[in-house]
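Enquirer: If you look up TrEMBL, you'll see 1-10 marked as compositional bias 'Polar residues'. The feature region 'Disordered' is assigned by TrEMBL to 1-33. Positions annotated as transmembrane segment by TrEMBL: 145-170, 182-204, 211-232, 252-271, 292-312, 345-371, 392-420, 426-446, 467-488, 500-518.
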Amino acid sequence: MGNLNETNSMELREASKDSISSVDRTSDEAKSAGFQEKHVAKAYPTAAEGPKLRRLFSFAQLLAFSLTFMESWEVMAINISATFWNGGPRSLIWGCIAVVGGSLAQAYSMAELGSILPIAGAQYHWTHIMAPESTRKFITWMQGWVTWFAWVSALAGSTSGEAALLQALIAENIPGYTPERWHLTLIMWALLISVGLMNMYTFWLIPWLELTAGIMHVVLFIIFMVVLVTLAPRHDSHFVFFTDSTQSGWDSKFVAFNLGMLAPAWGFIGFDGVVHMSEEVRQAKHAVPRSMILTIIINGVMAFAIILVLLYCLGDPNTTLDASYPIVNICYNATGSWAATNAMVAMLIIITYCVVAASVASVSRITWAWARDGALPKWLAIIDAKHHVPTNALWVPIIIVMLLSLLNIGSTAATAFSAFTALSSLGLYTSYIIAISCILHARLTGRLGDKPDSPVKYGGWRIWKGFAVPINIIALVWTIYLTIWLPFPTTIPVTGTNMNYALPIYVFVILCSLGYWFSWGRKSWPGLNLAAIGMVEEHD
């Protein structure tokens, strides 16, 4: 689909102030029987004919997509050593409880937005319909760029994590094999190319692949629980709930606790991934918000349960955590069999491969949407007529991550690549802060409401009356609090190798976005594609 902004820009400039942007126009026309819910815009231009995305995902497939993409309990199992570096078991278990609570507040806040307008641009579209009129265009611009960079970074993070786990399993099974950084880069390339081809030529399989992965996500959880509980050695409850372990050099237990809490937090970020797929979901206004909430609840229960079991069944931390991925040692200590260990870890790798496939799908859709809205080149908004996928938008993020993965080849450069992947946390949390702040502002000022004259009306799913403002505030405070800790160095003293470069890279992204705004966007960016929003509005 080409960008329709140029076609509509003249009409938009001539529109009256009462019909600003894409959110304030209302219509008295009778709704058709098939399209009963119109919550945002009532009078958009008709979308141009041309290749379109297909609504392939059912609610069950979307929920599986979301559960698998976050792979919360798998993140706890794979990255357990990070919390022993900062904080220890108490940081992991109490931090998980805090993270699940905070993530629920985030998800409730953003699910309400997803019910109003389930669209691929997600955060920046929601920002646009909720933001104050005077700053709407600028905030939307910044939100769009931050969200896009965050999702490219998330693809880099999920791919590098999958490649590193696969390399660790290979090293355990092939005597004499020496893992090299360039091996990791080649594995990443193979992963990215394979999921890229799958998303391009057989995208109709992705909903079924993710449904299968979602089932595996639950079944493997049960297998891990049963194997570890029945076979592994035990620690006492004091070790699980109260032991502190800080090997990073931080003298402050408070700082170490919060840095350790970032490990479980990583397992509950990115729940907006389903929204970026929403233009390919049937009954999206129903499916999207419910998938977001259920994902946090289901994954939260499984993540807390696996943390309890892993900590009780860890074995000797000094030997178990010595490996790059202790889950391999934990499985072997429990089963005493390399065949069983390989099978369990291999299933983790398969699920994580589906995460990479889901990441490619999500980042390609936000790339396509941001191009459709005129911020990225128009050729990225083209949808392949045969396969009904945005082919150009699919491959550009893949190529970017493949090029960045070359940084892995140098030891110091690898630190820079890790910092780029950390940008996903900073970027996504920033996008959540902006979106939640905007809905809170809209709620308090009456922009969002049930009244006939409310510019934006609630969708079919909303937070209970009386709880909405407190939940928005809790989500906002929690997200800001976690964001404060993301740029902290994880090791003291700080060197060029172990420094956390996430903040400098994040600042660079912000400065580039600001520079682009003042040099081009402020005067030349036409704003959001109204035809695209109108088409989404008409679906449900």
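Glycine is no exception: its Cβ is also placed from the backbone N, Cα and C atoms.
Caution: TrEMBL annotation is automatic and unverified by curators.
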Enquirer: Decide whether the stretches the transmembrane segment (467-488) and the transmembrane segment (252-271) have at least 3 CB pairs under 8 angstroms, with pairs required to be 6 or more apart in sequence.
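Expert: Yes, the transmembrane segment (467-488) contacts the transmembrane segment (252-271).
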Enquirer: Restricting to the same chain and to residues at least six past its boundaries, which positions have a Cβ under 8 Å from a Cβ of the transmembrane segment (345-371)?
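Expert: For the transmembrane segment (345-371), the sequence-distant neighbours (Cβ-Cβ under 8 Å, at least 6 residues beyond its ends) are 3, 65, 68-69, 71, 74, 77-78, 119-122, 124-125, 144, 147-148, 151-152, 154-155, 158-159, 161-162, 165-166, 169, 191-192, 195-196, 198-199, 203, 206, 209-210, 212-213, 216-217, 220, 223, 273, 276-277, 279-280, 327-328, 331, 377-381, 383, 389-390, 393-394, 396-398, 532.
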Enquirer: Using a Cβ cut-off under 8 Å, which residues of the same chain at least 6 positions beyond either end of the transmembrane segment (292-312) come close to it?
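Expert: Distant contacts of the transmembrane segment (292-312): 63, 66-67, 70, 72-73, 75-77, 80, 89, 92-93, 96-97, 100, 103-104, 107-108, 110-111, 114, 218, 221, 224-225, 228-229, 232, 234-235, 239-240, 264, 267-268, 271-272, 274-275, 330.
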Enquirer: With Cβ-Cβ distances below 8 Å as the criterion, list the same-chain residues six or more beyond the ends of the transmembrane segment (211-232) that contact it, or say none.
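Expert: Cβ under 8 Å, 6 or more out: 60-61, 63-65, 67-68, 71, 73-74, 77, 302, 305-306, 309-310, 312-313, 315, 330-331, 333-336, 340, 344, 347-348, 350-351, 354-355.
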Enquirer: Taking residues 6+ outside the transmembrane segment (182-204), which of them lie with a CB under 8 Å of any CB in it?
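Expert: Answer is 54, 56, 159-160, 162-164, 166-167, 353, 356-357, 360-361, 364, 384, 387-389, 391, 394-395, 398, 401-402, 405-406, 408-409.
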